[in-house]
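Novice: Once you've had a glance at the structure underneath, I'll fire off some questions.
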Amino acid sequence: NNCPQDWLPMNGLCYKIFDELKAWKDAEMFCRKYKPGCHLASIHLYGESPEIAEYISDYHKGQSEVWIGLWDEKKDFSWEWTDRSCTDYLSWDKNQPDHYKNKEFCVELVSYTGYRLWNDQVCESKNAFLCQCKF
C-alpha cells in the first residue's frame, strides 16, 4: 500500500474524496492535474462499492453527491469510464439512469444511498468528487 495518508487503498489504486464543489469536467481535469495517470474514480466490482461508500461517509465533509468517472459522452446510454477501463459493473439507483430532460450524462454517487448507488446528473452540476491515482 503506497497510498498517502487519508487516501483509500484498493486493488492497487488509491482513492481520495475532494470536498470542493466542481462541475464533472472540471473535477476530471483536477484529478488529471493532481498527478499523471489520475482520473475520476472507476468502480468495477460489487465488493468495491461498500468500501468506497464507507470511506466517503467517513471523510466527506459536505452533504453533496460525489462525482465518479462514468459518463455518456455519446449521449446514447453507452457509459464509459474516463480511465478507459471496461464498463463491467453498474450500480444504478432505482429508475436510473434516465437522461432526465435529455440533460444528464455524468454519474454521481447518491448521498441518500450512503454513496452506494449511482445516478446520472447534469454534468454542469457542482459536486464533491472522488479521484483515483497510482502512487
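For all residues, glycine too, the Cβ spot is worked out from N, Cα and C.
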Novice: I want to verify the bond table. Which candidate from CYS3, CYS14, CYS31 sits on the other end of the disulfide that Swiss-Prot records for CYS131?
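Specialist: Going by Swiss-Prot, CYS131 is disulfide-bonded to CYS31.
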Novice: I want to verify the bond table. Which candidate from CYS86, CYS106 sits on the other end of the disulfide that Swiss-Prot records for CYS123?
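Specialist: In Swiss-Prot, CYS123 forms its disulfide bond with CYS106.
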Novice: What is the disulfide partner of CYS14 among CYS3, CYS38, as given in Swiss-Prot?
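Specialist: Within the candidate set CYS3, CYS38, Swiss-Prot assigns the bond with CYS14 to CYS3.
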Novice: Determine, on the basis of Swiss-Prot, the cysteine among CYS38, CYS86 paired with CYS133 in a disulphide.
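Specialist: The record-listed partner cysteine is CYS38.
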Novice: Should CYS31 (disulfide bond) be counted as helix, strand, or coil on the basis of DSSP?
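Specialist: The residue in question, CYS31 (disulfide bond), is helix (DSSP, three-state).
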Novice: Using DSSP, would you call CYS123 (disulfide bond) helix, strand or coil?
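Specialist: Coil, per DSSP.
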Novice: Determine the minimum-neighbour residue: among CYS106, CYS133, listed as disulfide-bonded residues, which Cβ has the fewest other Cβ atoms within 10 angstroms?
Specialist: CYS133
Novice: Quick one: Cα separation, GLN96 (Ca(2+) binding site) versus CYS131 (disulfide bond), in Å?
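Specialist: So the alpha carbons of GLN96 (Ca(2+) binding site) and CYS131 (disulfide bond) sit roughly 23 Å from each other.
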